[in-house]
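Sharing a structure, written as structure tokens. Questions coming.
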Amino acid sequence: MKKILDGKNLSNYIIYNIYKKIQKYKKIGYRLPTLAVILVGNNKSSLLYVKRKHIACKASGIISLAYNLPYSINNNTLLKLIDKLNKDNKIDGILIQFPLPLHINTNKILEIISPEKDVDGLSPYNIGRLCQRIPLLRPCTSLGIITLLSKYKINILGLNTLVIGASNIVGRPMSMELLLSGCTVTIIHRFTKNLSYYVKKADLVIVSVGKINFIYGNIIKYGAIVIDVGINYNYNGDIKGDINFNSVYNKSSYITPVPGGVGPMTISALMYNTFISYKKKINNNYIL
């Protein structure tokens, strides 16, 4: 039986449960968790994503602080802000909205964020922990996908899994999460030849390339699980994924919609990571 993996409702459920847990801490005298959200410039998509994250924070009971910075900001000024937030004991998480302008050194920015506050899970330290199978804070998109599969009780142990796209934000962390879950993982990228050869063999396909209709159902293995990470806009301004949904739906056993699939799960994973960072301070008696 085909199933659409509803990330929106599951995300709302996760966020509500985080809210209930935070309220319990609040009732016994603890402050609310706080997330610092840094946005550089006024990219239309980034503005929308940041807005959704602030809304999710409110629903979770998390205080969100907006740092909306001009596009022209330089590396040193941004680094000083992050250093200040690192030292602030009342800040539990620091989120940088990507992409950053080209004149900003993204790697340097990620390196300076305190690992315990890196709620996006993308710092070299947290990626390294994931590779070593001892994750601290896990990258949000890949964590959201693993959570979605788990909540639907989909057993991926031993599956031939294909990750299409090798970005630092999705593809590479996703491959590490899948290895951690016991999958046999293949990752392909722009230099890979004969895409269909790999897709046809995969039991689980995760697509993150940023191109509408990149994958059609004719190359999908019958009964495959298909996860669409893509968020693209067509000429009418409608949000579309990387797969041709109708044709892939006819071949798949499980499939994520766009919107309403991976996107909301990424946001709930961000809320979860922020809560975990906050909770660790409580457990260490290091919170006011």
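In case you wondered, yes, glycine gets a Cβ from its N, Cα and C as well.
Here's the feature list from TrEMBL:
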type	residues	note
DOMAIN	5-120	domain 'Tetrahydrofolate dehydrogenase/cyclohydrolase catalytic'
DOMAIN	139-281	domain 'Tetrahydrofolate dehydrogenase/cyclohydrolase NAD(P)-binding'
BINDING	Gly165, Ala166, Ser167, Ile231	NADP(+) binding site
How many other Cβ atoms sit within 10 Å of the Cβ of Gly165 (NADP(+) binding site)?
23
Across all chains shown, how many C-beta atoms besides its own are within 10 angstroms of the C-beta of Ala166 (NADP(+) binding site)?
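Excluding its own Cβ, the number within 10 Å is 18.
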Under DSSP, is Ala166 (NADP(+) binding site) part of a helix or a strand, or is it coil?
coil
Taking the domain 'Tetrahydrofolate dehydrogenase/cyclohydrolase catalytic' (5-120) alone, what is its mean pLDDT?
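That region's mean pLDDT is 97.
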Helix, strand or coil: which one is Ile231 (NADP(+) binding site) in, per DSSP?
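In three-state terms, Ile231 (NADP(+) binding site) counts as coil.
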